[in-house]
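As recorded in TrEMBL:
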- A:12-34: transmembrane segment (TRANSMEM)
- A:41-61: transmembrane segment (TRANSMEM)
- A:67-86: transmembrane segment (TRANSMEM)
- A:98-119: transmembrane segment (TRANSMEM)
- A:139-159: transmembrane segment (TRANSMEM)
- A:188-210: transmembrane segment (TRANSMEM)
- A:222-249: transmembrane segment (TRANSMEM)
- A:270-293: transmembrane segment (TRANSMEM)
Amino acid sequence: MLLAEQALNGLQYGMMLFLMAAGLTLVFGVMGLINLAHGSLYMLGAFACAWVAAATGSFALGLAASLAAAAAAGVLVEVAVIRRLYARDHLEQVLATFALILVFSEGTRWVFGSFPLYLTLPAALSGAVTLPGGLQYPLFRLAIIGVGAAVAVGLWLLIARTRLGIRIRAGEADREMVAALGVDIARLYTLVFALGAALAGLAGALVGTIQSVQVGMGEPVLILAFVVIVIGGIGSIKGALVAALLVGLTDALGKALLPALFARFMEVSAANGIGAALGSMLIYILMAGVLIWRPQGLYGARG
Amino acid sequence: MKARTILLGTLAALALGAGAAGAEGIKVGMITTLSGGGAGLGIDVRDGFLLALKMAGATDVEAVIEDDQQKPDIAVQIADKMIQSDQVDVLTGIIWSNLAMAVVPAAVAQGKFYLSPNAGPSALAGSGCDKNYFNVAWQNDNLHEAAGAYANSAGYNNSFMLAPNYPAGTDAITGYKRFYTGAAAGEVYTQLGQTDYAAEIAQIRASGADSVFFFLPGGMGIAFMKQYAESGVGIPLVGPAFSFDQNILQAVGDAALGVRNTSQWNKDLDNAANAAFVAAFQAEYNRLPSLYASQGYDTANLLLSAKAKADVADQDAFRAALEAADFASTRGDFKFGPNHHPIQDIYVREVVKEGDIYTNKLVGVALEDRGDAYVDECKM
C-alpha cells in the first residue's frame, strides 16, 4: 500500500516535472537557447493563478490566468530580450536569463510582498478518493497526473500531426533552410517560447495550489527540469516525458524505500538520516548513469 | 531586500538631554526572517517588539531591523555589520535555531547581549550557555515536552513523529519523547523549508499510528496541514503551538478545528499585561497576535525594564537587571532559571473558530513551572 501510494506520488511529481521540462526542452532544442528564467515563468503562473482565484473566487479562471500570464510574459521576454541572444553563445544566454530571474523575483516581491500566498482547492477537486484496491489518494494530485498526461498527448499531436509541428521540427533541424522556404522563423520562435512559458505557468499554478506560492519557488524546480531534459535528450518531448516520470518515481520510491532498507541492518534514526540523504542523491546518480550509457540522453538526436 | 527601520536616532535621545544613570539610549540590532515561508514568524516578533517600544514611549531605543531570509550565512553577515558598523549594544530577533547557532556564540563572545525572542537550541541552554545570552521565549524542548505529557493524558501510545532536520527539529522530537511514554510508530526528519509532504503522509498512512506529533513552523506547517487534510488520513494530530499559530490557522481553516496544542502563551491568558497587549496589537496591526508576537513584546519589555535600572555600558549591572526580569510579562509569572532560560507554565490550547477567525483557546495546564533539561550542564 505504501509502495502504491509512493508510486502515485512519484507519478504526480514526474508529471509536474514534465510540464516544466517540456517547455524547456522545446526552447533548448528548437532555438538552441538556455533559458534559466523558465523557473520565473513557473512562479509567475502560480502568482497569477493565486491572485485571480482570490479575486474572482474561481479556480478555473485562476488556471486560465496562469496560462495567459505566463504566455504573455514569455512573448514579452522573447521579443524584448531573448531575440537578441540567439546568435550569441550559451554563456551570454545564461547571463541574460539569470538577470531575468532577478528582475522577475524582485518585481514579484515588489507587487505581492514577501509573504507566501495560499490557494484554496475548489470543492470539486478537494478531498481524497478511494482507488481500486482500497488506497485513498488526494483527488487533486490525481488531477495533476491527468493534466500532465493530457498535455503529453496534446504536445505529441501538435508536434507529429500539425503544420506548426512540422515547422517546429524543421526549425530544429535547419533553421536557415526553413527561413529560406518562406517560414517566418522569428514568429515561430516567439510561438514556441510562449507555448513553453504557458506550460511552465500551468505547472506553477498546479503545484502552488497544493503547496504555497512564493518568490523563489521556481529555482529548485528549474534545476530538476534541467536534469530531466539532460536525461531525456535535449529537444525530445518524448524523452522529457520518460525522463520526468523516471526522475519522479526514482525520487519518491527512493525516499520511501531506502530508509526501510537501511533500517534492516542499522539503528532506525541513523537509517532515516542516511536513507533520506541517499534518496535525495538518487536522481543525480540516475543522471550520471544515463549519461555514461548514452551521453546524448535517452532520446537525444545529437551524438 | 533590506528592511531597515530606524525608529529614532540616538542623536535625538542625546538632544533630549538623557544624562541620568540608566537613561542612556540603547541601540538594538534585530535580525529576523521577513521573507519566504518563515516570514510570518519574523514579522510577528518584529511587530510585537516595536509595539512594546511604542506603548512605553521609548524614544531612546533605536532598532535596526534586517531580513535574514532564513539563511545562516546572511544572518552572520548582518550580525557582523550590526556589531562592527552600526555598533549595536544588544542583538535580538532570530527565529530559527540553525541561524541562532551561527550568530549567537560569536555575538556574545564580542561582548554583546543577545535576547532571544524565539530560537532556544539545547546547545545554548546547556554547555554552550553564556552570561550575555538570555532566552525570553522558551528552551526549544519545552512546548514539545508539554505535547508529550498531553499525548499521555489523551491516551495515545503509538505516535508518528515528524520534524524538520535542524537543531530545533531534533530538540522537538527529543523533548516530545522525554515525556511521552508510548511507542514510536515512526520518526521522520524532513528538509527545512520543505513544501511537499506527500511522501511523509504516505508513511503516516502506512504506519498504523494512533497519533501524529508534528513540529512544522510557518509555511511548512501550512503546507503540511493542507495536504494532510486533503489526504484523507484521519489520525489525530498533536503538536506545539508552532504548528498551530495564528497565521497557520487562517490558511488551514476548518482542517485544524478541535486540535489540541501546547503553548506558553495564549491570547486569553488572564492577566492585565496580556489584556493590554492583545488589545493594543489588534488596534495597531488589525490582526490577532500570535505567540511569536507575545515573545517579541516580552523581549522588548524585558529590555526596557533593564534599561530603566542600569546603563548598558555597565555590563554587570545591566546583566543583573536582565536576570531580575522585572517586567509585566504577557505570560503572567515569568522568571529566569540559572541558565537564563524561562521557568514558566506551559498550557494546552484547542483550535476554535470565533466568528470568521480561527484561533486558540486555553483548556488547561500541561506543565507547571517548567524549566529545562539542560540547566545542569550550564557553567557560567
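In case you wondered, yes, glycine gets a Cβ from its N, Cα and C as well.
Nobody curates TrEMBL annotations by hand; they come from automatic prediction.
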Tertiary contacts of the transmembrane segment (A:67-86) (same chain, 6+ residues out, Cβ under 8 Å): 31-33, 35, 37, 41-42, 44-45, 47-48, 92-93, 96-97, 100, 186, 189-190, 193-198, 200-202, 204
Cβ-Cβ under 8 Å with the transmembrane segment (A:41-61): same-chain residues at least 6 beyond its ends: 20, 23, 67-70, 73-74, 104-105, 108, 112, 117-122, 125, 197-198, 200-205, 207-209, 213, 215-218, 221-222
Touch test for the transmembrane segment (A:222-249) and the transmembrane segment (A:139-159), at least 3 Cβ pairs under 8 Å: yes
Other parts of the chain folded back onto the transmembrane segment (A:188-210), taken as Cβ under 8 Å at six or more residues beyond its ends: 16, 19-20, 22-24, 26-27, 30-31, 35, 38-39, 41-50, 59, 62-63, 66-75, 77-79, 82-83, 86, 117, 119, 121, 138, 140-141, 144, 147, 151, 164, 167-168, 171, 178, 217-218, 221
